[in-house]
């Protein structure tokens, strides 16, 4: 039960959304003696293979040009090392590439075409991430005058036209209308936290981002402290939802810090969401939290 602070509550595997196969895959890795980091990589990687809800992996969430690109990160709560990739093109196993960033470089985040070149050097094959499904999503969107999209303060009016857009001379500041663009079927991330028998924490994320995003857009998922965060002295957290808003608040980092101060994981999650809600009352998002005793929320 949540709140049971005993050694019997470990190990723990939790992830965002009802991606059960991902959790089971991670659990099997632990059972067979794999590390917490291995479990996160394989668990999130399972969602990449399964194309979980079309929001993870290849063949989903085409951007404005019709291309699917991937973001992922993985974090080791013992060493605080992070490996991440963003705007990864033509390589399917994004979290696998993120793990290689930790293992073979002194960097934290690689992006775009250069991240893809790194992946190939690490032995990952180039593959087409486009499918019939992603092509049909893209063509439906074009037929609906590119609605919804992520432009504002441009001419022609982005709420009625596909562009190409130019900036309007006068910028108007108004509340962002993001609520209608996100739903349970456009939530864009698997986030996972794994805590081993000894309390060692690892976390990770994988996503193909917001559907119809501008090419080059990076959301919260590959950003340490935003998409996920792991610290073996406190716990782990992972976020999902409207990454453009959520990443501004580093919710995963903040939740782990609340748990470090002794806050119950459920309360830590709630406090983080409330903080974002003050500024963006209509945003769509969620966070999962687990501490080193195995309590979660």
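Each Cβ is built from the backbone N, Cα and C atoms, and glycine gets one as well.
What TrEMBL says about this one:
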ACT_SITE  189  active site, nucleophile
BINDING   217, 218, 219, 220, 240, 241, 242, 243  substrate binding site
Among 220, 242, the one of these binding-site residues whose Cβ has the fewest neighbouring Cβ atoms within 10 Å: 242
Nonlocal neighbours by CB distance (under 8 Å) for residue 217 (substrate binding site), same chain, sequence gap 6 or more: 63, 87, 150, 209, 210, 244
Neighbour count (Cβ, 10 Å) for residue 219 (substrate binding site): 25
Integer Cα-Cα distance in angstrom, residue 218 (substrate binding site) to the residue listed as 'active site, nucleophile': 13
Candidate with sparsest Cβ neighbourhood (10 Å radius) among 241, 243, the listed binding-site residues: 241
Alpha-carbon distance [residue 189 (active site, nucleophile); residue 243 (substrate binding site)] in Å: 9
For substrate, whose listed binding residues are 217, 218, 219, 220, 240, 241, 242, 243, the greatest C-alpha pairwise distance in Å: 16
